[in-house]
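Scroll down for the structure; my scribbles are underneath it.
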Amino acid sequence: MGEQVTRRDTGEPAGKGGSEPSRLRTALSDPARVWDLFGIPALILVALAGLWLLFGDVELTSREATRLNQPELLLRARQHALLSVQAAFWVIVIAVPLGIVVTRPWARSITPVVLALANAGQAIPSFGLLIVLAILLGTGQQAAVIAVVAYCILPVLRNTMVGIEQIDPAIIESGRGMGMTKGQVLRRIELPLAVPVVLAGVRTALILAVGTITLGALIGAGTLGVIINSGIVGFSDPVLVTGAVLTACFALFIDWLAGLAEVFLRPKGI
């Protein structure tokens, strides 16, 4: 009788309800998550190793050497990362609150207008939008970031709306029945339950931002697009392929970080 009874599966004392499996353990049970956590880093390493094997011993011209020297590559990579993060930050700041607002009953009438504007931002060719903004605002990083924000808002806005609207109304009514205000229901019930869907939209927007900001090189915004464009203009395979592979690897790295965020920011039990 004095011996403490334990659960077979967890080894924890009975009566304590057992511990919920860790997020990481739960993620490892999903093949798609396993790929996110381990497959993507392996793919990045393979791509970088292949790039080195392909052009590591190639004799470069002076123009190619200028573009592929370490300070130049680090500068362009830093510009690419900074502008991508800036664009993603503004997408989240704009799209998530806007998605919350248009799901409120009093704002239903403006939902079609908001979605139409967001769809227009993604429907317009990104290169054309860049040129228009460069004409209106001048060339440089500001126009590039605004163009990317306009292009990437839709996934986050739509997923925020879907994540909130898919919640069972009975759950919301239960919260209201417990005496919660509308604000408390939003903070404690709707937003936590919508987090996985919202994070999926943010992940998509991040990848779009990393890819689209490459075009910023055409309006003087820098980024790894400068390396790619230089390779195209100079008919240089080493420069072109290096710029393209580095951009792809950076996009994969951001996708990997977003995958980690989906695992560790997902509320327990969802």
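From the backbone N, Cα and C atoms, a Cβ is placed for every residue, glycine too.
All annotation found in TrEMBL is predicted automatically rather than curated by experts.
The compositional bias 'Basic and acidic residues' feature in TrEMBL is assigned to 1-11.
If you look up TrEMBL, you'll see 77-258 marked as domain 'ABC transmembrane type-1'.
Sequence annotations record features per position, and here TrEMBL assigns region 'Disordered' to 1-24.
Residues or ranges marked as transmembrane segment in TrEMBL: 38-60 (among others).
Here TrEMBL flags 81-107 (among others) as transmembrane segment.
Annotated transmembrane segment per TrEMBL: 127-154 (among others), in sequence order. Outside the transmembrane segment (127-154), and at least 6 residues removed from its termini, the chain residues within Cβ reach (under 8 Å) are 79, 83-84, 86-88, 90-91, 94-95, 118-119, 121, 205, 208-209, 212-213, 215-216, 218-223.
Under the heading transmembrane segment, TrEMBL lists 205-228 (among others). Non-local neighbours of the transmembrane segment (205-228) in the same chain are 67-68, 72-73, 75-77, 79-80, 83-84, 87-88, 91-92, 95, 126-127, 130-131, 133-134, 139-141, 143-145, 147-148, 151-153, 155-156, 239-240, 242-244, 246-247, 250-251, 254-255, 258; each lies 6+ residues outside the stretch with a CB under 8 Å from one of its CB atoms.
Residues annotated as transmembrane segment in TrEMBL: 240-265 (among others).
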